[in-house]
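Noted in Swiss-Prot for the protein shown:
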type    : residues                                                                                       : note
BINDING : ARG191, GLY192, GLY193, ARG194, THR309, ASN333, SER521, ARG582                                 : CoA binding site
BINDING : GLY385, GLU386, PRO387, ASP409, THR410, TRP411, TRP412, GLN413, THR414, ASP498, ARG513, ARG524 : ATP binding site
BINDING : VAL535, HIS537, VAL540                                                                         : Mg(2+) binding site
MOD_RES : LYS607                                                                                         : N6-acetyllysine
Amino acid sequence: MGEAVYPVPAEWAQNALVDEARYQDMYRQSVDDPEGFWAEHGKRIDWIRPFTKVKNTSFHEADFGIRWFEDGTLNLAANCLDRHLAERGDEIAILWEPDSPDEAHREITYRQLHADVCRFANLLKAKGVQKGERVTIYLPMVPEAAVAMLACARIGAIHSIVFAGFSPDALAGRITDCDSRIVLTSDEGLRGGRKVPLKANVDEALKQCPGVDTVIMLRRTGADVDFVEGRDIDWATAVAEQSADCQPEEMNAEDPLFILYTSGSTGKPKGVLHTTGGYSVWASMTHQYVFDYRPGQIYWCAADIGWVTGHSYVVYGPLMNGATTVMFEGVPNFPDASRFWQVVDKFKVEIFYGAPTALRALMREGDEWVKKTSRASLRLLGSVGEPINPEAWEWYHKVVGDSRCPIVDTWWQTETGGAMITPLPGATALKPGSASRPFFGVKPALVDNDGTFLEGATDGCLVVTDSWPGQMRTVWGDHERFFQTYFTTFKGLYFTGDGCRRDEDGYYWITGRIDDVINVSGHRMGTAEIESALVAHPKVAEAAVVGMPHDIKGQGIYAFVTCNAEIEPDDLLRKELIQWVRHEIGPIATPDVIQFAPGLPKTRSGKIMRRILRKIGENDVSNLGDTSTLADPSVVDNLLANRPQLAGA
């Protein structure tokens, strides 16, 4: 059966920034002559000292390095704010919608945002923050989070945002890893009508972080929280004393911009480091072309700033392009399942960019929640975070978009800085479930397990053969880990960790992770991190974690747990372990299934056979493959006999 194909609507082909002929021309130039292409497109942002060098990159061990525009200087905050003031200073930069529809929204102009950023930048300087210093941001989805990011960029400090859903332990680990002495937080966050104790979490985390000497706290709910004299500062009071004039720091293109921690296939999360010049070019260019963005349009990316999508497509990309960007504090189903679409109507949103997890959850609630709203303003829809299944794609297209809005299904990663494989709405015929074709300058390829290039329609491991400006530069404090993680599996190639199918039209279909990483609701969780948390429990001897299919989240978390000899596992312990993991990492890591077992399947050399556990987790047990190397086959029999009966599994 052939896949459905949605041709480019005529009005899009005629009016979009890029039609098919232009895509082919630009793409060809970008891969045949990257120097010339990026010399031209690198000028889309303002440089203080223009670059003369464009691309200096190698994925090979002997001369490994990634440098773009390396002799140019710029300031990202100035590109987001100062350069717009003359033309659109009084236009709205951020439209903020609170968690509750009963609370007033906020409209912040470019001029006001510029003043807010300068004041906060001056506050950071008054607290001794220097260029290159790390500032940890643990804030809810409020405009002050964007202000904090831009203030760091303005003075050359490196921000490290920790998602406000992470636990005190996870926060402490990230503060310690980047050696941050200043933390920005809020008394509480609001999410789906519930209060999130952010300041209490910070206080708990800082018991493990003696190096932190300053906490700047925003009052969001007015809750009565502990205030440590000499360390804690009230945000509003301190900012009010500062001048609204702060000169932007001149940054080299390769100076660090931010660290964002992401789960890897081995234990501790890695601090993905992005630098200033290449990232700025990539975030602004992908935002403009992927969303066919024109000044004056209302654009909404429904991601949290705690994830890379929030960095690139809520804050930096849109603001560099002079957009009006919607920032939403709430969740899709509070107070009811029409919340997203009510916000679309309220602000006349033209471009909406959301995650398949949210869409699947809303699809399950029924069409009436969508249809009670107009959504007439929508012209383009986007999807991000994980592959979108064709059923959800069709629902998004037909029900949310009334069969008239193209969908840009974007594939990318924290490591890539912005979209890599994506449709362009005026150029790409759409296939539900396919990320389609590479963005300019991206050279994807499929290889087999031995690293042999595969041609034509085939399945394989997705790699990228050459650098692009938005690429991460290193893992904070561990350059060797960066090289080993991404460039040694297939020598001289960037290994994405994703499996992929390419069809006869050259479209790419992401099939999911092929390393030990689970994609839960569009957020990467390293299985090793969850396993470490489980094994840290005093009653647990051993744990192995795999992904399992999940109707809403895409993948769920399936944990196999072996208890210490004297422990009799029961439902009480199961609940205890679930709470334990939530506390150690955060709610995002909550196991969906915990299966207790007397032992785990191992080879004679003691290695856990994860392949077998994955099959059991996926309930694909008819063919477990070669089990001849199992030290004790009865272990597998026990797992199969005691696998919980799951709904839909």
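Glycine is treated like the rest: Cβ placed from N, Cα and C.
Features as recorded by Swiss-Prot, highlighted on the structure.
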residue : record              : DSSP (3 states)
GLY192  : CoA binding site    : coil
GLY385  : ATP binding site    : coil
THR410  : ATP binding site    : coil
SER521  : CoA binding site    : coil
VAL535  : Mg(2+) binding site : helix
VAL540  : Mg(2+) binding site : strand
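A Cα-Cα distance of 26 Å separates THR414 (ATP binding site) from GLY192 (CoA binding site). Figure note: comparing Cβ neighbours within 10 Å for the binding-site residues THR410, THR414, SER521, the maximum is reached by THR410. Relative to SER521 (CoA binding site), the recorded positions with Cα atoms inside 10 Å are GLY385, the candidates having been GLY385, ARG513, HIS537, LYS607. Sequence-distant contacts of GLY192 (CoA binding site), defined as residues of its own chain at least six apart whose C-beta falls under 8 angstroms from its C-beta, comprise ASP99, GLY330, VAL331, ASN333, PHE334. Neighbours of VAL535 (Mg(2+) binding site), defined as other CB atoms within 10 A of its CB across all chains, total 14. Closest to HIS537 (Mg(2+) binding site) by Cα-Cα distance, out of the binding-site residues ARG194, THR309, PRO387, THR410, TRP412, is ARG194. Separation of the C-alpha atoms of GLY193 (CoA binding site) and ARG513 (ATP binding site): 34 Å, rounded to the nearest whole number. With the fewest other C-beta atoms within 10 Å around its C-beta, ARG194 stands out among the binding-site residues ARG194, HIS537. Distance noted between the C-alpha atoms of LYS607 (N6-acetyllysine) and ARG191 (CoA binding site) is 42 Å. Between the two most distant C-alpha atoms of the annotated ATP binders (GLY385, GLU386, PRO387, ASP409, THR410, TRP411, TRP412, GLN413, THR414, ASP498, ARG513, ARG524) there are 18 Å.
Cα separation, TRP412 (ATP binding site) to ARG191 (CoA binding site), rounded: 27 Å.
The binding-site residues shown are GLY385, THR410, VAL535, VAL540; of these, the one with its CA atom nearest the CA of THR309 (CoA binding site) is GLY385. Cβ crowding, taken as the number of other Cβ atoms within 10 Å, peaks at THR309 among the binding-site residues THR309, ASN333. When the alpha carbons of PRO387 (ATP binding site) and VAL535 (Mg(2+) binding site) are compared, the span between them is 31 angstrom.
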